[in-house]
2 protein chains.
Amino acid sequence: MDFLEEPIPGVGTYDDFNTIDWVREKSRDRDRHREITNKSKESTWALIHSVSDAFSGWLLMLLIGLLSGSLAGLIDISAHWMTDLKEGICTGGFWFNHEHCCWNSEHVTFEHRDKCPEWNSWAQLIINTDQGAFAYIVNYFMYVLWALLFAFLAVSLVKAFAPYACGSGIPEIKTILSGFIIRGYLGKWTLVIKTITLVLAVSSGLSLGKEGPLVHVACCCGNILCHCFNKYRKNEAKRREVLSAAAAAGVSVAFGAPIGGVLFSLEEVSYYFPLKTLWRSFFAALVAAFTLRSINPFGNSRLVLFYVEFHTPWHLFELVPFIVLGIFGGLWGALFIRTNIAWCRKRKTTQLGKYPVVEVLIVTAITAILAFPNEYTRMSTSELISELFNDCGLLDSSKLCDYENHFNTSKGGELPDRPAGVGVYSAMWQLALTLILKIVITIFTFGMKIPSGLFIPSMAVGAIAGRLLGVGMEQLAYYHHDWGIFNSWCSQGADCITPGLYAMVGAAACLGGVTRMTVSLVVIMFELTGGLEYIVPLMAAAMTSKWVADALGREGIYDAHIRLNGYPFLEAKEEFAHKTLAMDVMKPRRNDPLLTVLTQDSMTVEDVETIISETTYSGFPVVVSRESQRLVGFVLRRDLIISIENARKKQDGVVSTSIIYFTEHSPPMPPYTPPTLKLRNILDLSPFTVTDLTPMEIVVDIFRKLGLRQCLVTHNGRLLGIITKKDVLKHIAQMANQDPDSILFN
Amino acid sequence: MDFLEEPIPGVGTYDDFNTIDWVREKSRDRDRHREITNKSKESTWALIHSVSDAFSGWLLMLLIGLLSGSLAGLIDISAHWMTDLKEGICTGGFWFNHEHCCWNSEHVTFEHRDKCPEWNSWAQLIINTDQGAFAYIVNYFMYVLWALLFAFLAVSLVKAFAPYACGSGIPEIKTILSGFIIRGYLGKWTLVIKTITLVLAVSSGLSLGKEGPLVHVACCCGNILCHCFNKYRKNEAKRREVLSAAAAAGVSVAFGAPIGGVLFSLEEVSYYFPLKTLWRSFFAALVAAFTLRSINPFGNSRLVLFYVEFHTPWHLFELVPFIVLGIFGGLWGALFIRTNIAWCRKRKTTQLGKYPVVEVLIVTAITAILAFPNEYTRMSTSELISELFNDCGLLDSSKLCDYENHFNTSKGGELPDRPAGVGVYSAMWQLALTLILKIVITIFTFGMKIPSGLFIPSMAVGAIAGRLLGVGMEQLAYYHHDWGIFNSWCSQGADCITPGLYAMVGAAACLGGVTRMTVSLVVIMFELTGGLEYIVPLMAAAMTSKWVADALGREGIYDAHIRLNGYPFLEAKEEFAHKTLAMDVMKPRRNDPLLTVLTQDSMTVEDVETIISETTYSGFPVVVSRESQRLVGFVLRRDLIISIENARKKQDGVVSTSIIYFTEHSPPMPPYTPPTLKLRNILDLSPFTVTDLTPMEIVVDIFRKLGLRQCLVTHNGRLLGIITKKDVLKHIAQMANQDPDSILFN
């Protein structure tokens, strides 16, 4: 009769939008591992299987690294080409981007590296001239037209094929990693569409970046590759370990920062991060970085456009402006989060959300129209950041480097502080306008139905502010080097202040204000610059920015979006600080009907089916008897339905009046009763229990650390109630004066 | 009657060699925090107190960074001076070390930077000449004499004042961080004596390093500074957060690697590491590194002697020798751990352990006598490593760089591979002898009664092996550049192979083999070299080394020493892979007498005192009644004794026949009975319970993640038994076929 000992298909799996039971998943993996280890002693074949099983994790990491590195390279190259397509086309070969086109040209001079006859602006192609107002208008028109086309394609593709491909994906990945199931979020369609639309969205010139979505792309790679390995396909907990590593690989290729990527995964997105995963993540991140480097998308063997190698020193006094930048970053971060969330809430609750295509087109049109006249908004945001981070050399021809050269350079190669020329002043004005545009438009851009990352716009805002302050400080030091604050360390003709460093510090501050990253932020910036000496300025800015932003609102942008969307995410960082007890949270509440329980050996199939159909609970405690309320175990609704259905089909004589028992042995039955149904194998014999007087802070801690779905509440040994993860989340929301019913959850 | 609501002094503290209850400590901290936050709304003063409380953690980190950085600088400078003292003295000022002495000299030539008239060897001072066999013997004799003197002082000081100051301290710190109490291990005497004896031990020329003990020194600083802050003094869990950060600061100054230090603390030593601690650890590590840099102990603005800035590329084929180095490192690591543990066990179990001073003197004498004739053993081990890591320049005068120069250097500054000269060949022989000496002597050195770190000797072994292999490869490539493996990438006259890189990879491999560090190892080595391009070789070597070493023995050296000493450390990394259940582990065993319980409202003071005196359990479950065995809570022996004693002293009428009750309200009593004693406030109303059928793997997980001291076992709602951390540890030891009674624990 015991053929229920055979696993029934479906038992132990999860429905969509459900939470996984970490304890059960990890137990299952240990069972699996034990079985393979035991078998490995029996035959050589089993031994090989066991070894290959042990190494499959490493192989998977290698594949993830290779795939996400290649995809990142592909995205970089295509986005670069399509961004330039908005301005013109290469007659030497339409597949060349602007820079590449002129590389191959023989007619290019050192002074004007980006001007060559092979590269034709749209005006040149259409009206055969690049001069005059009409040409300008043609170029303007074509720029806007291409931007609209790209944006339209992006939003249509997302809407038609993969609605999950929009946004940055990080809030959802955080939620998934914490143990939630969103089917298709990391699937192959999402991967394909997100990769394509990301290129389109970036090329359209909208105020968004590719860094956040790259994490999503890498996680999709991880999830899809998991299907090739039994160990990871079937186990939700193990798969999440892989996804954590994939997230690290994603950041690694986004910023060229493998260590930063691992720390980002650890600090920001991961929930369960055993040390084994740390090492594997590091491996995946490295492989991804090296794959990208060998693709060499920017032609400079760097992984990102805005890599800089700085070595100019900074002075202790400069910490003051750096902290000012930190305050700016914190203020901007907090402001951005508030306004963006308010706008997104409006989108969710009003008619606005119903017209995503129109919304995207309007925002794109506004961005493109405002962006074209200003060269700093017209160029791609990564290029802008790269230019802002750059320290002016003697031969730099950009406007930002238009200083009045007196050519009395003191030491070898090091340029002294110089008075700003006309170009710098006009650049300052343009940058100030850019700053305003970026600040405003990003609020409306992040959250639209296209892939959109937030790292690059945040960094751009910070970098502009930093550069403005940096140039200001530089000029102040040049003209007033006799002031008390300068004269001790900044003599005339010395190179005291590096505006590029200010841009970098500003970028870190704004990124920190929006995301509330700390260690990983500093390490990412450190890996971007390669100099240990800038850790102190970066850290000062990141710390100030986090403190300021935290004072104005506890949540980072990702947590705010998680809450906005009502994902059941149990934040591991926040301490629960209220003095409530388990009895205040458990169901049933004081005046509710009693807890729905099953008894261990006295209910019929019909009784159980009635309970299942009358309630929607996802699980039921099993007790010795209703009178004693002594707990035996816990059974899941899904397992119960599947098992009863299966028994009715396959097991002879199981009818509605059959007794279901959960004990080891069948209860004594009178003769001529229908055969009984043993369901002990689907019973969880070790349900977690807490007493009714347990403080909620401890309950929250248990839920977080052990990854529970539910916990039973007892009083003096009697079963009293149940607390589910949803109850915990609702209670936390309630205590924080938020709407507890916003949480989407089964 | 309720003045027991006032906290009684001593309730909630721990005895020496006990385990802390993380859940209780964290609850207490939250209560404290809540109280301060609530009060902060009442008055400005309370608000300031609340803010200063919030920032006290950062202040503490700053102080730890400053103190441990300064101590590290002091140790570096003194050790440098005393190491040179073995060879001679500076007449220009006895406080100068050799290098410093000749810096100030006017008679020094560029060729012989280390020879100047101010620096006198002992032979020059005593017999007025430095030439001839007799002078050599005098120098030899003085060298050995100083070494013996330093070693004798070190071991005597340790023995007389601070027995805890010996060894590296990392195994004990791991145990302490996991929640064990060892009073005085991180006290001020240990700090003072360890700092002094560390300098002596390093200077004596023994095969040991200062890096591990620096972690202990930093943790002592952390622990002592905790006493200045109420928040950390009184809470064992919070104090452990600080100690984790202090460990990071220790590694940061030991290797000049702040990020590596934080990852080391996370990966290797810490047990409970919330993200807040990560950020603070990073801060402490940075402050420590910058303090040390401003002290500038080596005069080169580097934090360590063996910092190198490499930029020569490596070829993919070189991964083969790197993996060979990894295998060597793994083999050596496993071998070292086995022999060292066997020797330490012998020391513990035989007469040997009774004569620590004699042992140290004998080992020092052997080391010094064998070391003096060979220049690579005579120099300090960090200097040796620095020389081995170094890439030979054109002007390097050391023997290792004695290549046959043809001076047809191809590109600017880059030297092609050259044939080795006589000096290199003789250096190879000397290095081979050094390797053998280091391998053998380190086994006997680590574990003696003096401060001794293992990082430097391990790195030295690996660096020598690596350099030997590197020079071999270099010569092979020079003489056989037409071989198939070379000719594709190594043309004649090119600089293909960098022996210094091999030394670095070898050092990483051996360090990995001994300590089994992974990410932190790679990051530390990365921070030592500053080049992202060497991460792949380092990672390949570290990975191979860990796999090889793990195949030969699961434990790293620190875990092996923890087990040798029987510390109650619950390893967080190892999965518990056996299929036992909670009922197999719990006390009482099947044939034992029943579990000793208290009832909630029917036992007298005398009954309880009898139970306390007749048993040695450190806590007792409280049940509704003996018949029902329904659990109410758990009370600790220590709290019970203190409370009863206190009540007898202070509370009128409490006599032996008084009823003790743990309920909310006093039980109904017949008239004329003595007053009752309410002890509900010492009762833990939320004891952790598991069912008897819970798999032990889950129980182990709960103990680890929540940091429990004990857990009660129930069956169908009735109390059945108890599992303590000791039971868990014993069970794990038993399952691993180890002696379960070796665990030292209360």
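Glycine too: its Cβ is placed from the backbone N, Cα and C atoms.
Remember, TrEMBL labels are computer predictions, not curated facts.
In TrEMBL, the transmembrane segment annotation falls on B:454-473 of the listed ranges B:214-233, B:274-293, B:454-473. Among the residue ranges B:189-208, B:529-548, the one that TrEMBL annotates as transmembrane segment is B:189-208. The transmembrane segment (B:189-208) shares the most Cβ pairs under 8 Å with B:133-155, out of the stretches B:133-155, B:161-182, B:242-266, B:316-337, B:454-473. Ranking B:133-155, B:357-374, B:427-447, B:454-473, B:501-526 by CB pairs under 8 A with the transmembrane segment (B:316-337) puts B:501-526 at the top. In this chain, the transmembrane segment (B:133-155) touches the transmembrane segment (B:357-374); three or more CB pairs sit within less than 8 A of each other, excluding pairs fewer than 6 residues apart.
Taken through DSSP, the domain 'CBS' (B:586-650) splits into 24 helix, 16 strand, 25 coil. Confidence in the domain 'CBS' (B:682-742), given as mean pLDDT, stands at 88. Counting Cβ pairs under 8 Å to the transmembrane segment (B:501-526), the stretch among B:55-75, B:161-182, B:242-266, B:427-447 with the most such contacts is B:242-266. Helix first, then strand, then coil: DSSP counts for the domain 'CBS' (B:682-742) stand at 26 helix, 18 strand, 17 coil. Packing against the transmembrane segment (B:161-182) from elsewhere in the chain are residues 14-20, 22, 189-190, 192-194, 197, 212-213, 215-216, 219, 236, 240, 243-244, 247, 268-272, 446-454, 558-559, 561-562, 565, 567-570, 707: each is 6 or more residues past its ends and has a CB under 8 Å from a CB in it.
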